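Colleague: Structure incoming, see below.
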Amino acid sequence: MNSSKSPGLAGFGVLKNTTCHTEKKISVFFSIIFMTVGILSNSLAIVILMKAYQRFRQKSKASFLLLASGLVVTDLFGHLINGAIAVFVYASDKDWIRFNQSNILCSVFGICMVFFGLCPLFLGSVMAVERCIGVTKPIFHSTKMTSRHVKMMLTMVCLFAVLIALLPILRFRAYQIQASRTWCFYKTEHVEDWEDRFYLLLFSCLGFLALAISFLCNAVTGITLLRVKFKSQQRQGRSHHFEMIIQLLAIMCVSCICWSPFLVAMARIGLREGRSEDACETLLFALRMATWNQILDPWVYILLRKAVLRNLCKITSGCCGVHVINLHMWELSSIKNSLKVAAISESPGSSKQINLQPLSSMGR
């Protein structure tokens with residue numbers, strides 16, 4: 001199957017000497033289980049987020065809920081599309097020559113793998129940036145981060161991910177069937193051309209950049225919240241802020257754990273010539289780890305809600321006999337608290353007895 005003889009079979013050269021095999025029945029079973037669990041989990045998370053969006057109309061949380069809904073919807077379609085193609089490939093005994101003569105299915109599979117891989121990472125970093133702005137610049141956030149702007153950000157992120165996924169097609173570079181014959185991606189076998197290396201390194205660098213942005217913004221947000229709480233010397237916090245920060249930290253940890261093996265593997269292949277003997281098994285393991293990210297993401301919103309956290313605090317307090325911060329006291333809105341702190345910190349020392357009643361009305 002020499003790929004140089006037929007452009008339509010460009011991805012089949014890897015099928016000759018495949019050294020990585022998967023058990024068909026087990027693989028089909030696990031693919032169906034993963035797809036079903038992912039679809040059900042993301043569907044449940046979408047229902048929870050939509051109810052929360054209808055209940056909380058405050059801008060500081062509405063924008064976060066819109067971005068979170070976009071992330072969960074992306075994960076849902078990722079499981080639905082990629083899972084359906086993977087099940088079809090396994091059910092067809094991975095006979096790509098029979099059902100992929102024109103290489104269309106492989107191209108679609110590769111585009112979806114890149115898009116549904118990068119888009120959740122981008123959305124996670126955008127959510128972290130949005131929360132950082134909401135905490136550090138609350139007035140700017142309340143006036144500029146409207147629902148229309150958030151929807152534009154979602155659209156731009158999706159379009160950028162689509163552009164990255166279509167880049168090989170626009171450059172007339174076909175996506176390749178991988179050595180396990182179960183999925184399609186950039187060329188990872190005997191990578192010698194600079195352009196093939198560029199795609200692998202671009203995917204890896206963008207993924208690591210998104211994770212780095214999330215880590216930096218979440219760190220700034222957490223430190224700012226703690227400083228504001230200590231400076232205001234109040235027991236009241238901001239329940240929705242702390243709830244969202246906990247969710248963002250969980251998303252970031254899940255993304256780092258699940259995606260790091262795959263991103264590292266792509267970077268190593270892009271920086272080296274050829275491949276090691278265990279590259280196929282390594283890639284399969286890294287790919288399955290990345291798939292778990294789309295399964296675990298919705299459970300962050302299902303489990304790490306304020307109602308669940310409140311019950312966990314009660315259970316912890318009852319079992320350990322220690323006093324835990326009462327989440328019922330996190331009631332003040334972010335704008336009102338931030339304006340109070342700003343007024344206290346910016347007023348002269350002789351006039352710190354400031355009347356905060358107008359600020360309270362502004363916060364409402």
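Cβ atoms here come from the backbone N, Cα and C positions, even for glycine.
Just lifted these from TrEMBL, have a look:
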- 41-301: domain 'G-protein coupled receptors family 1 profile' (DOMAIN)
- 26-50: transmembrane segment (TRANSMEM)
- 62-90: transmembrane segment (TRANSMEM)
- 102-129: transmembrane segment (TRANSMEM)
- 150-170: transmembrane segment (TRANSMEM)
- 198-226: transmembrane segment (TRANSMEM)
- 246-271: transmembrane segment (TRANSMEM)
Colleague: At least three Cβ pairs under 8 Å linking the transmembrane segment (198-226) and the transmembrane segment (102-129), pairs spaced 6 or more in sequence?
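Modeller: Touching, yes - the transmembrane segment (198-226) and the transmembrane segment (102-129) meet the threshold of 3 or more Cβ pairs under 8 Å.
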Colleague: Are there three or more C-beta pairs under 8 angstroms joining the transmembrane segment (246-271) and the transmembrane segment (102-129), sequence spacing 6 or more?
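Modeller: Checked: the transmembrane segment (102-129) vs the transmembrane segment (246-271), in contact.
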